[in-house]
Amino acid sequence: ICYQMVHFFTNLVLGCAGLYYNSRLNPDPTPQDLVQTMEGHSFGTFQVGYQLWAIFVGFLVREDPLMLGHHTAVILAASTMVFFTNGMRYWCPFLMGLVEVTSVPLVIVNIFKEHKELVKQYPRFHHIVRTGFAFLFLYVRVWMFVPRNVMQMYDHVTTWSAAPSDQILYKMYSGIVFISALFLTFLQLMWGVMVVQGFIKVYSKIFVGSKEKIKAN
């Protein structure tokens, strides 16, 4: 429970801060704004520290390897925003902040998953949280996240290709960061498919159960 509560409050703070700062973004950014703005630098710093903690504790609680890979990819993606002048920080309030609002209901879903007795005690609340999480995840992490991350990756590639050919280490590291961002995009799409499948499974059971009740009456 303590592990989940840390996730809950951390993601709540990141999500709320992301909502605020994302609403203040310049709607017509210049190329320099997209690449070199310092707005959102703190989100990257916060994420690096948070994900390092998550990896350490993840090993202790035997977290799923895919989630450990996710934590590592976020650190790599955020490191550019933290340590480089050309940090692609324009989308940082969204990619490293607002997107975490989906993790708030996810924590509650995971608590129910780990403590099955709570599902029996609070079935209606469990159903509301799962449904809310499904819609929020698909809207924020798929519909909103994927195109923004693709635009950020495009800026990343543009900056990478403009760097002098003798900056081999920079180009190699930037390539690793790009692959990490690509991996994160893949994860959102994969998890989105899993959310849809779970949603269909739950509501098909409800539909079948309702049908059987009608037949019984």
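Positions of Cβ are set from backbone N, Cα and C atoms, glycine also.
Features as listed in TrEMBL:
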- 5-23: transmembrane segment (TRANSMEM)
- 43-61: transmembrane segment (TRANSMEM)
- 68-88: transmembrane segment (TRANSMEM)
- 94-112: transmembrane segment (TRANSMEM)
- 133-150: transmembrane segment (TRANSMEM)
- 170-196: transmembrane segment (TRANSMEM)
Restricting to CB pairs under 8 Å, which listed stretch, 5-23, 43-61, 94-112, 133-150, 170-196, is in contact most with the transmembrane segment (68-88)?
43-61
Taking a Cβ cut-off under 8 Å, which residues six or more beyond the ends of the transmembrane segment (133-150) line up next to it in the same chain?
91, 94-95, 98-99, 101-102, 105-106, 108-109, 181, 184-185, 188-189, 191-192, 195-196, 198-199
